[in-house]
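One structure is given here, and the rest of the page talks about it.
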Amino acid sequence: MFLNPVVPNGYYNLRGGAMQSKATPIREDGIYHSFCGLVSVGWLYQKIKDSFFLILGTHTCAHLLQNTLGVMIFARPRFAVSLLEESDLSSSQPDISAQIEEIKREHHPSVIFLLSSCTPEVMKVEFEGLAASVSTPEVPVLFVPASGLDYTFSQSEDSVLQALIPFCPPAPPDDKRVVFLGSVNDAIADDFSLEAARLGIPVAGFLPASHFTELPPIGPGTVIAPLQPYLHKTATQLRNERGCTVLSSLFPFGPDGTRRFWEDLAAQFGMQVDLSEREAAAWERIKHHTDLLRGKKIFFASDTLMELPLARFLKACGAEVVECSTPYINRRFHAAELAALDGVRLVEQANFHRQLRTITETKPDLIISNIITTNPLVGQGTVAKWGTEYCFLPIHGWAGVNNLVTSFTRALQRHARLDPLGSDPIWLTGMMPGSSGGVISLQS
């Protein structure tokens with residue numbers, strides 16, 4: 001069943017008129033995602049500094065978080081896994097009250113997020129009731145659906161922000177300020193605050209804020225400016241429940257996206273700004289890197305929901321985007337990005353076997369792939385890099401331009417330096433099971 005909303009007759013463009021998009025995504029039958037959404041805890045617990053994230057899960061969940069995030073238990077991070085044991089299988093509802101009290105005693109959080117995982121979802125644990133049973137007005141416990149059965153790697157942040165909406169104070173209709181939507185590190189947040197002040201745009205804050213007690217007021221006069229391309233549920237809920245305006249623009253990745261983002265945001269406040277010189281200067285600073293990317297064939301096969309703006313940026317750099325696949329595309333929320341990707345092959349839920357054939361035929365210079373397929377693709381001699389790292393990199397706005405472009409060029413330059421060593425069997429021995437100096441075909 002196709003669930004994404006289709007907006008007839010084009011999309012609303014803040015610059016005026018209807019914005020027609022000729023980019024028509026193809027829907028295939030591949031997997032929805034390949035990396036667990038619980039890993040979003042890795043950047044969210046650092047962003048919301050007075051929070052604690054408790055995952056109800058299994059030993060597999062605990063191993064995933066410890067190995068993926070590289071945090072040892074003695075570091076006392078502000079997240080943990082409440083392990084389900086065999087005895088819990090026969091109980092109607094797990095008891096986490098002891099863990100909640102221990103978390104309050106040792107970490108003193110202002111809010112606790114209770115995240116679901118695959119096993120308790122299958123067990124039909126009633127998470128909302130479980131969270132309500134241990135929640136208090138002083139320290140609310142908020143249920144966050146994050147099971148890998150239903151959510152992509154980055155979508156769990158969308159669930160966390162939805163849980164925070166009731167705690168954002170209401171703003172009066174005449175309070176017209178912007179709220180930046182999406183988790184970015186403090187340096188990037190400061191850059192956006194300074195740029196807004198430079199342009200004369202009033203800022204109410206960020207969602208999520210650095211502290212639970214500092215959530216921004218949101219009301220009918222608020223302009224929501226999404227920073228991340230995977231937050232359409234939060235944006236839709238804010239528009240429906242608070243009556244605020246959701247900015248429809250390019251996401252602030254790269255000089256082109258950042259310029260368009262700020263110009264469209266300023267237009268919401270009745271200001272016309274021209275940032276063409278700022279954009280040109282940003283392109284000039286990364287000219288060495290764009291020269292390397294120009295003409296290169298790039299293939300997106302990742303699953304972070306950041307693929308559309310990344311592909312649009314590479315297209316602006318002069319690269320040839322052979323294909324951009326992503327778990328899903330929301331035609332309304334991603335309208336501006338779709339319009340900018342006219343002529344690029346866009347695929348939802350791509351069939352990986354078909355992608356392998358396309359990769360063999362087109363021979364891309366760089367593949368942005370998911371965590372399952374990157375190493376096997378490298379083993380076949382292609383240049384591939386994880387798409388997951390883009391969720392952790394500071395690549396937003398003017399301050400993030402250099403980090404964004406070098407994330408692509410470093411992969412190409414590294415391969416060029418290692419290529420002379422690639423024929424040595426020592427690099428391939430043991431890479432795939434049963435392989436002695438060679439690589440098992442992914443199609444076998």
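Every residue, even glycine, has its Cβ placed from backbone N, Cα and C.
Keep in mind that what you see is a predicted model, and the values were worked out from it rather than measured.
Summarising the annotation, Swiss-Prot assigns [4Fe-4S] cluster binding site to Cys36, Cys61, Cys118.
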Other C-beta atoms that fall within 10 angstroms of the C-beta of Cys61 ([4Fe-4S] cluster binding site): 23
Where Cys36 ([4Fe-4S] cluster binding site) falls in three-state DSSP terms: coil
Non-site residues, in chain order, whose CB comes within 8 A of the mean position of the CB atoms of Cys36, Cys61, Cys118 at [4Fe-4S] cluster: Leu38, Ile55, Gly57, Thr58, Thr60, Leu64, Ser117, Thr119, Ser147, Gly148
For Cys61 ([4Fe-4S] cluster binding site), the three-state class that DSSP assigns: helix
